[in-house]
Amino acid sequence: MSEDSSALPWSINKDDYELQEVIGSGATAVVQAAYCTPKKEKVAIKRINLEKCQTSMDELLKEIQAMSQCHHPNIVSYYTSFVVKDELWLVMKLLSGGSVLDIIKHIVAKGEHKSGVLDEATIATILREVLEGLEYLHKNGQIHRDVKAGNILLGEDGSVQIADFGVSAFLATGGDITRNKVRKTFVGTPCWMAPEVMEQVRGYDFKADIWSFGITAIELATGAAPYHKYPPMKVLMLTLQNDPPSLETGVQDKEMLKKYGKSFRKMISLCLQKDPEKRPTAAELLRHKFFQKAKNKEYLQEKILQRAPTISERAKKVRRVPGSSGRLHKTEDGGWEWSDDEFDEESEEGKAAISQLRSPRVKESLTNSELFSTTHPVGTLLQVPEQISAHLPQSAGQMPAQLTPVSLPPAAELAPVQAAQAQSSGAGSQETKIPISLVLRLRNSKKELNDIRFEFTPGRDTAEGVSQELISAGLVDGRDLVIVAANLQKIVEEPQSNRSVTFKLASGVEGSDIPDDSKLIGFAQLSIS
């Protein structure tokens with residue numbers, strides 16, 4: 001980079017960036033390498049789909065401001081951001097070593113994980129640097145919100161930096177800075193999410209990052225988060241109802257864990273305490289005995305960067321469909337292409353694409369990327385140059401269902417709930433689904449037992465949609481959204497083996513009441529009637 005170009009400000013014109021290979025993707029974003037021609041520097045651009053984020057731009061601007069003021073050797077440098085059509089482009093430093101997740105996948109694919117994926121010294125070295133970054137954020141009043149191996153990046157010199165601080169991590173928790181709303185959107189799987197973030201009862205603070213850090217420690221040793229095999233609703237239920245996970249949770253071959261010692265396991269258990277007040281701070285963790293095993297960045301260069309996939313191996317080339325408007329879509333073979341949103345395969349453009357053996361597009365599904373949706377639209381616009389300004393669309397969230405008005409006598413009758421995403425695609429929309437009749441028994445605000453009867457039609461209704469409508473009708477406390485939805489999902493997935501479940505409510509008990517599962521004080525019972 002020349003002296004003249006280094007003095008230039010970072011451009012907010014998309015034409016100044018030559019987009020190159022896709023180097024990462026998630027539920028709402030794609031990361032591409034790019035070359036900034038005025039600066040003569042290669043960068044990473046995270047392209048966030050604003051249609052899926054359901055967050056006001058006022059709140060996003062606050063997060064961007066926080067990112068721009070963040071300067072630390074263990075935090076990825078943020079350069080600038082701007083809006084292109086319905087995407088927010090975040091321009092950041094490119095770290096050529098890729099993410100720790102890339103390395104984990106590479107090691108597992110080569111079958112080199114039979115005695116654990118990364119050794120203790122490597123894990124300690126990486127996580128010590130992550131803690132340094134987290135300590136900086138927490139001291140400055142920031143919460144990362146999305147600590148995981150996929151967001152820990154490596155430089156070619158063995159340096160370790162945390163990515164996704166700010167906007168994209170902010171979106172992953174629903175974009176609610178105040179933490180005082182019942183409904184939010186969780187993007188992606190909540191495997192790394194702290195219990196208090198899931199419950200959304202009392203809000204959360206930087207200790208949520210410490211829980212995620214503990215899950216990440218397990219991920220670096222075993223190759224995956226403890227509940228990675230389960231769908232999102234099941235992950236929520238397991239995290240909230242079970243004891244905290246450990247190194248062994250979900251691991252079939254316990255032999256692979258033998259080399260991990262007591263100090264590593266103790267450090268994990270300290271992080272994974274359900275009561276956030278009992279978790280250590282980042283500064284306290286840095287003094288833990290386990291981190292005495294940490295080495296320098298040259299050690300990482302030697303131990304894992306030489307085993308890591310190259311940027312070309314990680315990258316997915318982008319195919320360009322002739323005449324396309326320039327929107328990225330993932331194809332079934334794992335590649336990426338530029339094309340129009342409404343792609344007509346009978347058109348000249350479509351025939352040209354097919355003649356080039358273009359892969360079919362992957363059909364998008366909300367079920368694994370959005371659990372709970374807000375009903376409010378995206379807010380004010382981000383002010384950007386006219387040529388790249390974008391009118392953001394309405395929220396893609398669930399529309400409220402129509403419920404028959406009900407009172408709360410001992411046997412309140414609830415009309416069948418018309419949940420969001422009422423018609424599923426494929427065969428399910430053509431077959432007649434048999435509704436499941438259910439009864440939710442719990443105490444109302446007057447401490448009287450009530451039976452709330454309703455029907456759930458598989459393929460039409462969703463557990464989260466039904467739970468939201470029970471709350472909207474005033475039948476269920478808003479704080480119990482997650483736990484009711486999780487147990488409803490449990491029953492409808494396996495109605496034969498789960499005809500009745502009793503579970504603890506997040507709303508708890510009042511005053512001097514003592515929780516009692518048999519009397520349903522602080523508990524609820526959901527049954528097939």
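Glycine is no exception: its Cβ is also placed from the backbone N, Cα and C atoms.
Going by Swiss-Prot, these are the annotated features:
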| type | residues | note |
| --- | --- | --- |
| MOD_RES | Ser2 | N-acetylserine |
| DOMAIN | 17-291 | domain 'Protein kinase' |
| BINDING | Ile23, Gly24, Ser25, Gly26, Ala27, Thr28, Ala29, Val30, Val31, Lys46 | ATP binding site |
| ACT_SITE | Asp146 | active site, proton acceptor |
| MOD_RES | Thr185 | phosphothreonine |
| MOD_RES | Thr310 | phosphothreonine |
| REGION | 315-360 | region 'Disordered' |
| MOD_RES | Ser324 | phosphoserine |
| MOD_RES | Ser325 | phosphoserine |
| COMPBIAS | 334-348 | compositional bias 'Acidic residues' |
| MOD_RES | Ser339 | phosphoserine |
| MOD_RES | Ser347 | phosphoserine |
| MOD_RES | Ser359 | phosphoserine |
| MOD_RES | Ser429 | phosphoserine |
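Reported as a whole number, the C-alpha separation between Asp146 (active site, proton acceptor) and Ile23 (ATP binding site) equals 19 Å.
Under DSSP, Asp146 (active site, proton acceptor) is assigned to coil, being neither helix nor strand in the three-state scheme. A simple way to gauge crowding: the CB of Val31 (ATP binding site) has 23 other CB atoms within 10 angstroms, across all the protein chains here. Averaged across the domain 'Protein kinase' (17-291), pLDDT in this predicted model comes to 86.
Each of the recorded positions Ala29, Asp146 was scored by how many other Cβ atoms lie within 10 Å of its Cβ, and the smallest score goes to Ala29. Note on the binding-site residues Ile23, Ser25: the fewest other CB atoms within 10 A surround the CB of Ser25.
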